[in-house]
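> Got a structure for you, questions after.
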Amino acid sequence: ETRRRFYPHSADYPDVRKHNNCMASALTPTIYARLSDKATPNNWTLDQCIQTGVDNPGHPFIKTVGMVAGDEESYEVFAELFDPVIKDRHNGYDPRTMKHPTDLDSSKITSGIFDERYVLSSRVRTGRSIRGLSLPPACTRSERREVERVVVTALSGLKGDLAGRYYSLGEMSDREQQHLIDEHFLFDKPVSPLLTAAGMARDWPDARGIWHNHEKNFLIWINEEDHTRVISMEKGGNMKRVFERFCKGLKQVEHL
């Protein structure tokens, strides 16, 4: 999709000369001119992708990403900028020629048990998004609520040691909130300028929540920074057991 423009591209080009983020390193006036009139089918634009990186120059010693995707299509429509940013951020990984190998075979871990004198807790986590719904920087209230509905409905199908319950951030009681704080499960409203400039904190806490199993060692955050964050955790240093639970739970969640 192409948008109408009333000024030349050069008049809208952001000043990122003093910025230290991957977007600023990769963006050029030529790339901006080619991409800035385009939009995804959800009407997400290049300027919306890069706004958080324009507003947050970064730190001289900490190079941030500097851009966000509004939807799955962003990675294709704005590939000329996303590809070099991904390559810069992920140590040379080229999304056009390489494919990240996903290996959820926990039997390959032969040790993975660490001395509890030095390891207080162990955690493995990943993010998963639902195809067809805009990502958190761009999603509407209805899309965010649909993410919550789809995920909570699916999680109700988990059985055995993965069975659990859902806590909605907007509807939980003070007692439930304190319980989640005590367990270190509760996530806070995003206050980082990187996230707020990207639109990630809109409508908080609408359609945000936490699901955990009854054993409290398998969690899913809903509509925090991703559609879902899948987390396996427990006290102590048994990383092998944590990863085994992570693999089992993730496979079941994806199947649902």
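Yeah, the Cβs are placed from backbone N, Cα and C, and that goes for glycine too.
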> Given that TrEMBL annotates Ser121, Ser122, Arg123, Val124, Arg125, His184 as ATP-binding, name the residue from Arg34, Arg89, Arg96, Arg229 that shares the site.
Arg229
> Which one is it: of the binding-site residues Ser121, Ser122, which Cβ has the fewest other Cβ atoms within 10 Å in this structure?
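Sparsest of the binding-site residues Ser121, Ser122 by Cβ contacts within 10 Å: Ser121.
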> Summarise the domain 'Phosphagen kinase N-terminal' (3-91) by DSSP state, stating how many residues are helix, strand and coil.
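Final tally across the stretch: 41 helix, 7 strand, 41 coil.
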> Based on DSSP, tally up the residues of the domain 'Phosphagen kinase C-terminal' (118-256) by helix, strand and coil.
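Helix/strand/coil tally for the domain 'Phosphagen kinase C-terminal' (118-256): 48 helix, 32 strand, 59 coil.
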> In the structure shown, which of the binding-site residues Arg123, His184 has the fewest Cβ neighbours within 10 Å?
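Counting other Cβ atoms within 10 Å of each of the binding-site residues Arg123, His184, the minimum falls on His184.
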> For Arg229 (ATP binding site), write down the residues of its own chain that are at least 6 apart in sequence and whose Cβ falls under 8 Å from its Cβ; none is a fine answer.
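Result: Arg125, Thr126, Gly127, Leu219, Ile220, Trp221.
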